[in-house]
Amino acid sequence: MAKESTTIDVGEPSTVTKSSSHVVKKKGFVAAAAGGGAKRGLAIFDFLLRLAAIGVTIGAASVMYTAQETLPFFTQFLQFQAGYDDLPAFQYFVIAVAIVASYLVLSLPFSIVTIVRPLAVAPRLILLIFDTLVVTLNTSAAAAAASIVYLAHNGNQSTNWLPICQQFGDFCQNVSTAVVAASIAILFFIVLIIISAIALKRH
């Protein structure tokens with residue numbers, strides 16, 4: 001008579017299961033720490049870039065606001081004057097770029113929060129949205145001023161607008177410098193938007 005064989009399955013010890021779970025959690029913590037470190041680095045660069053953009057935008061608005069030149073002709077009673085307030089495009093530039101600079105100052109606390117809490121989504125998302133809106137304002141101001149600067153340098157033969165930069169050299173140099181500074185600020189904003197997009201993508 002054949003004997004029946006009995007097979008007994010012995011499960012893994014609970015200590016092995018707990019050990020595996022501990023290893024998985026540890027790897028998760030290490031990955032999270034590495035991701036947080038990378039995001040903190042992006043946040044620090046974001047903060048420094050905002051400081052630089054503040055300086056550039058304040059400089060652009062100040063240079064445009066103080067752009068003025070007076071040319072005497074024949075007598076001191078007959079003078080020709082050129083100033084930023086003579087052209088609506090330059091007035092818009094000063095107001096718009098001043099708003100951009102104010103926004104950048106107000107955005108610094110949110111940038112600091114992303115340094116302290118690099119994994120936080122809300123402040124980074126807020127910065128991304130408002131950076132996108134403000135760079136549009138900055139771009140429109142720079143484009144409007146750049147068109148007038150071009151006319152000041154080259155004129156327009158079709159409308160008989162003569163270039164004035166040969167006479168008002170200092171004025172044209174100041175407004176051109178302001179437009180270049182505003183264009184640099186646009187590049188800063190593009191980098192800031194890319195930083196925020198990368199930080200959010202890592203989530």
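For all residues, glycine too, the Cβ spot is worked out from N, Cα and C.
What you see is a predicted model, and the numbers here were worked out from it, not measured in a lab.
Taken verbatim from Swiss-Prot:
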type	residues	note
CARBOHYD	Asn156	N-linked glycosylation site
CARBOHYD	Asn174	N-linked glycosylation site
MOD_RES	Ala2	N-acetylalanine
TOPO_DOM	2-40	topological domain 'Cytoplasmic'
TOPO_DOM	62-92	topological domain 'Extracellular'
TOPO_DOM	114-124	topological domain 'Cytoplasmic'
TOPO_DOM	146-177	topological domain 'Extracellular'
TOPO_DOM	199-203	topological domain 'Cytoplasmic'
TRANSMEM	41-61	transmembrane segment
TRANSMEM	93-113	transmembrane segment
TRANSMEM	125-145	transmembrane segment
TRANSMEM	178-198	transmembrane segment
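Cβ neighbours of Asn174 (N-linked glycosylation site) (same chain, under 8 Å, six or more residues apart in sequence): Val63, Met64, Thr66, Ala67. For Asn156 (N-linked glycosylation site), applying a Cβ distance below 8 Å and a minimum sequence separation of six or more within one chain yields no residues. In the predicted model, the topological domain 'Cytoplasmic' (114-124) has a mean pLDDT of 91.
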